[in-house]
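Here the structure comes first, spelled out in structure tokens, and everything after it is commentary.
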Amino acid sequence: MGGASVFWIGVVVVGLCVGSLFTFKSKTDPTLWRTCTILTLMCCYLMWGLTYLAQLHPIIVPKRDDLRVEF
Amino acid sequence: MSSRGWGQQRPRTKTTSIFRSEVMSLVQLYIPSDVARYTVSQLGEMGLIQFRDLNQDVSAFQRSFVNDVRRFDEIERKLRYLQSKIAESDVDLYDFLDDEFVTAARGPRDIDEMEERISAHEGRVLRLTAAYKEMQLKHVELIENKHVLEEVSSLFTEISGRQPSTPGPAARRGSAAGPLDSVPLLGRSDTVSSRRSIGSMDAARGELMLDAEIGAVAAGRDINVGFITGVIARDRISTLERVLWRSLRGNMFLNYVDIEEPIGDPRQEEPVYKSAFIVFAHGETLRDRATKIAESLGATLYHVDASAEQRQEELIDTMSRLDDLHQILENNRVARINELTAVSEQINTWFTVVRKEKAIYHVLNLFNYDANRNSLIAEGWCATNDIPAIQSALHLATEDAGSNVPTVLQELRTTKEPPTFVRTNRFTEGFQNIVDAYGVPKAGEVNPGLFTVITFPFLFALMFGDLGHGFLMTLCAALLCYFEKRLAWMAKDESLRMFYSGRYIVLLMGIFSMFTGFLYNDIFSRAMAVFASGWRWPDDAGGEGVVVEATKLAHTYPIGIDPAWHHASNSLLFTNSYKMKMSIVLGVIHMTLGICLQVPNALHFKKRINILHVFVPQIIFLFSIFGYLVFAIILKWSTDWYARDASGELTHISPPSLLNMLIYMFLRPGSVDESERMFRGQAALQTLLLLVALACVPWMLLVKPLILRKEHNKIVSEGYGRISSHVRVSTEADGMAGAVIVAEQEEMQADDFDFAEIMINQTIHTIEFCLNSISNTASYLRLWALSLAHAQLSEVLWSMIFLPTLKMSGSFQPVAIMFGFAVWFILTFGILIGMEGLSAFLHALRLHWVEFNNKFYDGTGVKFEPFSFRAVLDEAEEQA
């Protein structure tokens, strides 16, 4: 997996969003459920994507000073 | 016969959404007088119409149904009286509600019958209570008399006991005073002399005077030394003593005995401790004066005969009367309790019915009579979708009344601003409340409530991200939602109402917190290694104080933050940079959504100008500065700054500082430091973006007002003046002969074109937008700050409270662990979930109210408040 996966998963998420437009046919406020689905998908995707990208090419490396040498 | 078919039938929208408020209709009802009560009752049960006041110029006292309202006020007063009596007398109140009577149609006869019964009950309770009070007074009198009779004997004895050697009628009488006199008084005489403080006299003089007095009493039975006896509150006795001493100039002798048991006086709230006293005084005049003084001080005087035999007889008589009175009082009490028990079974039902009936007449007072006074005309707002339901209710009401004249419903065409009715369910209600607290949407305006349902819990979760805390929160909310029927009482409790009405908000907040917690890789501040870490710690290096660096592996941690960062000494460096950038990116996207919502608004209100000259420049302005920043953040993240080309040379110089980049974009347009350069053509692009942003400012500021002015001038030059600001509400009154058009003329919103005002508004709006786009973006940094605070606090709680107990040794470690866990858990719940949750909630609220809503939302609507019995009863209950 690389940076491109963020893009491809984004495409999948957008596809799911479009799909959700045709999924909810309930009589009680389908707009609400569509919007909720799309917003949830987008929010979760954005947060995951940003987290993933932030670690893709790290500028600093983790350091510890409390490690014990393994004998 | 159905009343459908009159009026103009608009096409009904089948489904509704909280995206916009309901389409409203102004309807007019022609209700035959004899059906009116039933109709309003049916509509009140449904709660679908908000009636307009058609008699605004008529004062509240001159309306048609004032007498009925008064009548029910009076019945309600009687019920309240009965209720207070029930509360006083420990009778259980029944929650029983006679559904049949409360919800079904009640005829006037049922109401009359109910009123009669209530009045009869009230009358009986009043009579019984009055009689009880009277008898209680009598009772107190008798008791006091009894005490006086008992105590006075002892006072007489005391006097004779002090001068045993003095021969005289008093002593003789004393010795003949019967069994009471044989009570040994030695002990008492001590106490009597110690509390005998007459006025401010010194003791010696008092003694002297007393002796003289007693001498007079003893010797001068014939020279008219009389006495008065009575009862007075114990704390008044010294006052009485002093006043008497002064006003009679010492020509008196007062003695008193405390009555042991308190006396329950119905005129006073609590039982009072009293004393019986006797005053000897010389002569009729002095005695009269003493009587007056004693009475003015609140004493009750009782006549006591001087002879002991007489007193004894009186005492026996009083005792027997007391016994009789006890019996009567008891009978009265039983009768009253029976009466009140009968009432308590019905009082809930009666209260409900009376409140409903009163509400009906209040509503009828809003209606107008037609010319012949055969029917009432009502006007009100209702959702267009609800008109069929209303019509079937009207039909039912006609049947209830046994009438065959139908009520007619007619839709009016109007230009008036309708009230806003957002049809919520129990899930969306809480979110809509958040929006309504900021402002009720205008009719037709985009309702931010729809988006708040997800964005609010998500922004909250960004600040609250912890899998463990999120789980506990979800658990609590899920319990609330699962048992919501059984926990409905919480809605009535002042402090718990907030949690109960927001249970679905909390549920979503908890679920999203679990997600963000998973991505932050935090569970009660611990890390989870769900996937293989993208870093490897060296096996051969380390030791106390030696800094070791991890080496990057080929793959990246797939979901969330790598657990390797968790105990790294520089983990804050990484998470701060990550969370700050994420806050900015999500903030810009959130604001973009807000700006984009102007488009559906503009389309709905048919204001194309708002899209072209408000929305477009705004979005360009935001994107050319902060959109570029977001682009730079993503670009910086996806560039490998330490990549080397084929020859082993670094392809990039060094990672640039984005903050400096943004600052120098304004300060030194057109030049980018070589070491800070991210891509080719960066300087040119930045200059272009800056120019575009600058160009957007006059566009936002000037274009819209100028276009409006041009259009206005065009209209004026074509010879059309201002349209009259009075627009008559018209009805499609075809075939409705004699129908009165009640809708009064409503003044329209002033149409005046004032260029200066528009210009000023536009200037404010533009400046606000440009400055806000900077401050609002910065404001989203609170997502980072709160999340940092939350993570650090939970880390501190863990490592300071629970962790030390795990590292302990010794036999009491298990106890310490239990104790440490308890403290840690309580603090986690109280501080991290309770207080931190509240603060994250408030910050999420602010981000929605300020940063999101001010991009598109007016919130100047008026809430739709239909006439419904449920609201009336709730209000009455709250007042009670």
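Heads up, the Cβ atoms here are built off N, Cα and C, so glycines get one too.
TrEMBL annotations: computationally assigned, not manually curated.
Annotated features in TrEMBL:
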REGION    B:159-181  region 'Disordered'
COMPBIAS  B:168-179  compositional bias 'Low complexity'
TRANSMEM  B:458-483  transmembrane segment
TRANSMEM  B:504-521  transmembrane segment
TRANSMEM  B:582-603  transmembrane segment
TRANSMEM  B:615-638  transmembrane segment
TRANSMEM  B:688-707  transmembrane segment
TRANSMEM  B:783-803  transmembrane segment
TRANSMEM  B:815-835  transmembrane segment
Item to check | Touch test for the transmembrane segment (B:582-603) and the transmembrane segment (B:615-638), at least 3 Cβ pairs under 8 Å | outcome: yes
Next on the checklist: Is the transmembrane segment (B:615-638) in contact with the transmembrane segment (B:783-803), using at least 3 Cβ pairs under 8 Å (sequence separation of 6 or more) as the test?
Outcome noted: no
Checklist entry - Are there at least 3 C-beta pairs under 8 angstroms linking the transmembrane segment (B:688-707) and the transmembrane segment (B:458-483), leaving out pairs fewer than 6 apart in sequence? => result no
Checklist outcome for this item: Listed stretches B:504-521, B:615-638, B:815-835 vs the transmembrane segment (B:688-707), most Cβ pairs under 8 Å: range B:615-638
